[in-house]
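Notes follow the structure.
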């Protein structure tokens with residue numbers, strides 16, 4: 001996973017215009033934080049975040065106009081540091097001539113957009129947060145089952161890829177097979193994708209490598225998906241106790257995000273695709289407020305109470 005993004009990539013993804021410095025678009029962006037210079041236009045550079053993208057909007061350029069030419073020249077030269085990746089000017093504003101010269105001397109590109117500062121700030125931050133997030137590679141298969149991202153894990157040879165292939169055949173979509181790159185979009189959202197070299201591919205023992213998009217169409221694949229549920233496949237053994245009521249509430253923490261987890265015993269004759277499909281549908285029902293285990297417990301307690309009351313009445317009748 002790269003820990004930087006080039007200015008060229010930012011231009012392409014966020015649709016920025018290159019106003020100046022086309023030869024310098026390979027400069028590296030190493031942080032998703034974006035600076036809107038304010039104190040710098042007052043001459044205070046003690047804590048200047050030079051490694052960030054510098055965003056100038058109506059407020060910043062208007063304030064700069066009230067400065068003298070010498071002040072603008074001094075401050076904008078100081079803002080053009082070797083580690084500064086680029087400047088972005090919003091709302092189709094003109095480039096201050098002092099910045100134009102300082103950026104050219106420092107070989108820093110200046111980009112522009114018709115969007116407001118708030119809009120372009122949001123767009124750039126969202127892209128950079130996703131691109132620069134620390135990533136972890138997991139062994140497993142990621143499938144989207146009716147809108148629920150399910151990460152299937154388990155020992156090698158337990159049948160993860162074969163089960164995922166059956167799920168794809170049933171109309172669900174593959175994101176990654178064998179290796180899943182995951183990153184935390186925020187504290188509650190874990191996203192998975194496939195390494196570039198493995199996109200759309202699956203390895204099936206006895207057959208080899210297959211291209212899912214070629215065999216089943218582009219509707220059978222997705223580039224990435226939120227991981228909402230982990231299904232861990234375990235070889236069944238008599239001495240291992242598995243959850244039969246679904247009230248255990250197991251979870252697994254990945255990249256700081258807590259994800260619900262269910263363990264499914266693998267045994268000859270079990271249709272794992274249908275079981276995992278049901279697990280995903282059950283998870284979706286729970287997120288909508290329905291809990292089958294809770295309903296079962298409530299109905300069972302009601303039945304026990306009714307039987308107890310009936311037995312109590314029968315005992316009283318016998319006594320009379």
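Glycine is treated like the rest: Cβ placed from N, Cα and C.
Same-chain residues at least 6 positions away in sequence with a Cβ under 8 Å from that of residue 139 (active site) are, in sequence order, 153, 156, 178, 179, 180. Under the heading active site, Swiss-Prot lists 139 (among others), citing sequence analysis as support.
For residue 155 (ATP binding site), the same-chain residues lying six or more positions away in sequence with a CB closer than 8 A to its CB are 233, 234, 235. Residues or ranges marked as ATP binding site in Swiss-Prot: 154, 155, 156, 157, 158, 159, 160, 161.
All protein chains shown were included, and the count of other CB atoms within 10 Å of the CB of residue 160 (ATP binding site) stands at 24. Taken from Swiss-Prot, the feature active site covers 160 (among others), and the record attributes it to sequence analysis.
Taken from Swiss-Prot, the feature Mg(2+) binding site applies to 161, 203. Counting only residues at least six positions away in the same chain, the Cβ atoms of 161, 177, 178, 209, 210 sit under 8 Å from the Cβ of residue 203 (Mg(2+) binding site). When secondary structure is read from DSSP and collapsed to three states, residue 203 (Mg(2+) binding site) falls in the strand class.
The active site, proton acceptor feature in Swiss-Prot is assigned to 178; the stated evidence is sequence analysis. Counting every protein chain shown, the Cβ of residue 178 (active site, proton acceptor) has 18 other Cβ atoms within 10 Å.
The active site annotation in Swiss-Prot covers 244 (among others) and is backed by sequence analysis.
As annotated by Swiss-Prot, region 'Important for the catalytic mechanism of dephosphorylation' applies to 265-270. Counting residues per DSSP class in helix, strand and coil order gives 0 helix, 2 strand, 4 coil for the region 'Important for the catalytic mechanism of dephosphorylation' (265-270).
DSSP assigns residue 160 (ATP binding site) to a helix. On its own chain, residue 157 (ATP binding site) has 205 as residues at least 6 apart in sequence with a Cβ closer than 8 Å to its own Cβ. The sparsest Cβ neighbourhood within 10 Å, among the listed binding-site residues (156, 161), is found at 156. Other residues of the chain with a Cβ within 8 Å of the Cβ centroid of 154, 155, 156, 157, 158, 159, 160, 161, the ATP site, are 233.
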